[in-house]
Every structure is written in C-alpha cells, then in structure tokens.
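Student: Structure in structure tokens, see below.
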Amino acid sequence: MGNCADCLRGFFCPPKNTNIRISLPAVCFVWQIAMIVLFGVFIRYDAESDIRLWLQLKHTNNITSDIENDFYFRYPSFQDVHVMIFVGFGFLMTFLKRYSFGGVGFNFLIGAFGLQWALLMQGWFHALDPTTGKISIGVEGLINADFCVAASLIAYGALLGKVSPVQLMVVTLFGVTLFAVEEYIILNLLHCRDAGGSMVIHCFGGYYGLTISWILYRPKLHQSKRLNGSVYHSDVFAMIGTLFLWMFWPSFNSAITDHGSGQHRTAINTYIALASSVLTTVAISSASEKRGKLDMVHIQNATLAGGVAMGTAAEFMITPYGALIVGFCTGIISTFGYLFVSPFMEKYLKIQDTCGVHNLHAMPGMLGGFIGAIVAAAATEEVYSREGLIETFDFEGKFADRTVGTQGGFQAAGVCVAIAFAVVGGAVVGLILRLPIWGDPADDNCFDDEVYWEVPEDEEGILPVLEYNNHMTHKHQDISESNFSVEQS
C-alpha cells in the first residue's frame, strides 16, 4: 500500500522540470499551424470588408459614401479595447518585483493566440453561414474576439507567477471555448443584455481563474513569499496599466452597443461610475491604515471596479446618479475585498489569488449582473417609451412578448450560468493542469522571471526591507522605508 502511495505521489508530484525548450515551441507551432488550416477552411471577409461584396452592398442599399462602412463606426472603439487588452491588462500585471516580463509577455502570448481561436469559436456560434459553411469576420468580430480573450486574461491574473506558459496556453484554449458556449447561452438562448460583459467576461473569467487556482493550490507557496510583492518602480508600471484601463473602459462597455442613444448612454454611465469608484477606493484605503496612508494595491485595482459593475446595466436608463451609486458601492466593496476577503480566501478556502481578481472582476462582475437584472425588471414605458423598451432589450421576434419582469429574471439567470460554467470548467481545466507534463515552477521558484526568461543582471539588488507586500496582505505597520539606508562601501 505504501509503495502504491509513493508511486502516485511520484506521478502527480515529481521534481519540477521547468525546461520548456520542446513543449513551448511545439505548442506554439502546432497550434498556430492549426489556426492557419482552420482559417483557410472557415474564415472569410464579411460584406463590409470584402471588396466585391461591399460594392454589391453599396449598390443594393444605395450607399453613396464609403464612410457608411461599419469600420468607421466601430474601429475607434476597437482601438481602445485592443489597447486595454494588451497594454492595460499587460501592465496591470507587472506589479510583481521579479515577474514583470512574465506579466506583460505571457499576457501578449495568450492574447495573440486567444484572439485567433476566439474568431473561430465565436464565428461558429454567431457568424456561420449555413449555406456555405463559412464564417464572416469584420471589425465587430475583432472586438468580440478581444472580449473573449479578456476572460482568459482575467483568469491569468489569479494564476500569475504560479504556472508555465504552456499551462497558460491550455487555460486560454479551454477558456475561449467555454466563453463562446456560455456567451451563446446567455446572450442568445436566455436573451440577456450584457454589452460590457459584467456576466460573460468578468464574472466568468474571474471565477474560472479562481477555480483553477483552487485546484492548483500550493501549500508551500510561502517559500516564494520573498518575490510575491512589489517594489516602487513595479507599482508605477502597474499604475500605467490601471490608467489605460480606466480611461478606455467607457469604450470597452460601449464598443458593441447599438448605434445611437444606447452607445452614448453606455459611455456616459461607465465614465461616471469609474469616477465615483476612485473616490471611495481612496477613502477606504486611507481609513484602513492607522496613519491614513494609501495602499497602491487598492488604487491600482479597486478604482476600476465601477467600470466592471456597469458592464451590464450601462446601456439601460439607470440615470447618472444611479451610475454614481454603482461606482460608489463597488469601490467600497472591492477595497474591502482586498483588505479582508482575499486573506480569508487564501487562509480558509485555499485559493491563492495573485492579482486579487475576485475583488476586481469576479465579485463586481457578479454584482453588475444582478444590478442589470434589477434595473431591467424596473424598466417602465414612462421612462423608456414602448419603442425604447423594444430597442433597449431587443424585444423582437420570438422575444416580442417578453415583459421587463421576465427579462430581469433571465438576466439574473445569466449570472448563474456564467458562474456555473466558470466553476465546472475551471475545475476540469485545473485537474488537467495538475498533470506533471507542463513545466510549471517549483514552490520556491514562483513569481520569478528567471525560470522562463533571459533576465539581465540588476545593477543593484533589492533590499528585503524595501519590499512591498503583495496583493493579499498589508505592509508591516512598523516598517517605514525612511528607517533604512544603504551603506556605501
């Protein structure tokens, strides 16, 4: 019996081999070749990007100017969303003192792979022509692909520094697949409205990553505690990511909203909610420290919670003061999450959430979904007009007889679907990632770029006393940087 246990332990917990010279190139080459083949078989330009079809469309619809092409309406929003995906998310994850290459570099890798797979997965569900078997893509498809990738990047935040790039490719492969299915169920079958993705992106991506992190729990992760934190310059780089996300979040939430008042209103509501969450985050962060000092962890993350929570309800008539209330509350809730919920989750639930995605994405996304359900159920003809209700909630076709109360119920059901897909899918993916074939780092080598990157030598070492704490704990109350000096030899 003891020999069997030793064999099992040896299979699932062998000595870590982080040499990915074969596995990473193999995965990248094979999967990219697969993308080329699948694109060749399925992907074609849509009517507004194919020259022949565009000329036919202009003639048929009496379009006199190329400015009517959807590209000119959607591309500014696409640019903003694309910057958020690769610069915003990438730099937000550079806060770790020795894992900035991995934060921004692996974000780049899985983003580039994920958007290709997303064009296929979402195309099969939303843009497949049954007569030709082809998928038509245009600028709106590019935006939706970026949205799809965002969920996997959010999941990466919970796993930051603890997994190999090969594992991240697997997380993205399954994450994009699960996203496409749950999005189709929520938006098409349940007919929920979720333009900014509180449910389908943030709630799903957050709990997907947290579940994987739970399955991959490392009881000896404290061996890398010296690296699980920030230094002054790494927090500054992370703040760059925060500012890009904060500035462009109105574009993120409104990018695929219908032209007209809905898109306009979505940008306004998101803009207002984001501003409100900044003030409440600063207030709670200062109040929680005995000398009133601000914690950069809170400022980098909780200030964005208003944008996450407004993702579903932003296109509804929530009113400007309603948007302020949403930002006000989520800024408080997110900051309290970093103060109390994350330490609780790590200690008692065995969930090691490196970036605190539960507080920035999962919890605000879930709240945003339920806020959307309440606002939808409370909609009236007096506020929207009958035509406005039809346009806002798309009460047409087989959904023409749906009431706002029923719509609110389905909106709430959409949140549950997102969480269910995240938890079940995350558990399965986590079990796959536990196989000893992925080249993941040992417990004492987590959060260290040197495992997977060629790292130049530092001119100066990092003094242990100047290390900032991580996104799970506070700084030691009795340590002040001014108490220490470096002696020159």
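Using the three backbone atoms N, Cα and C, a Cβ is placed for every residue, glycine included.
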Student: For the candidates N62, N483, I need the one that Swiss-Prot annotates as N-linked glycosylation site.
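Tutor: Going through N62, N483 one by one, Swiss-Prot flags N62 as N-linked glycosylation site.
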Student: Determine from Swiss-Prot whether K347 and P15 lie on identical sides of the membrane.
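Tutor: For P15 and K347, the topology recorded in Swiss-Prot gives the same membrane side.
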Student: Given the cut-off of 8 Å on Cβ pairs that are 6 or more apart in sequence, determine whether the transmembrane segment (76-96) and the transmembrane segment (141-161) share at least 3 such pairs.
Tutor: yes
Student: For a three-state summary based on DSSP, what are the helix, strand and coil counts in the topological domain 'Extracellular' (257-266)?
Tutor: 6 helix, 0 strand, 4 coil
Student: Are the transmembrane segment (321-341) and the transmembrane segment (141-161) close enough that 3 or more Cβ pairs fall under 8 Å, when only pairs 6 or more apart in sequence count?
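Tutor: They are not in contact.
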Student: Find the member of 101-121, 267-287, 413-433 that has more C-beta pairs under 8 Å to the transmembrane segment (321-341) than any other listed stretch.
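Tutor: When the Cβ pairs under 8 Å are tallied, 267-287 comes out ahead.
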Student: Suppose I define contact as three or more CB-CB distances under 8 A, residues 6 or more apart in sequence; do the transmembrane segment (413-433) and the transmembrane segment (299-319) meet it?
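Tutor: No, the stretches stay apart by this measure.
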Student: Looking at the transmembrane segment (236-256) and the transmembrane segment (101-121), are there 3+ C-beta pairs under 8 A, with each pair at least 6 apart in sequence?
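Tutor: Touching, no - the transmembrane segment (236-256) and the transmembrane segment (101-121) miss the threshold of 3 or more Cβ pairs under 8 Å.
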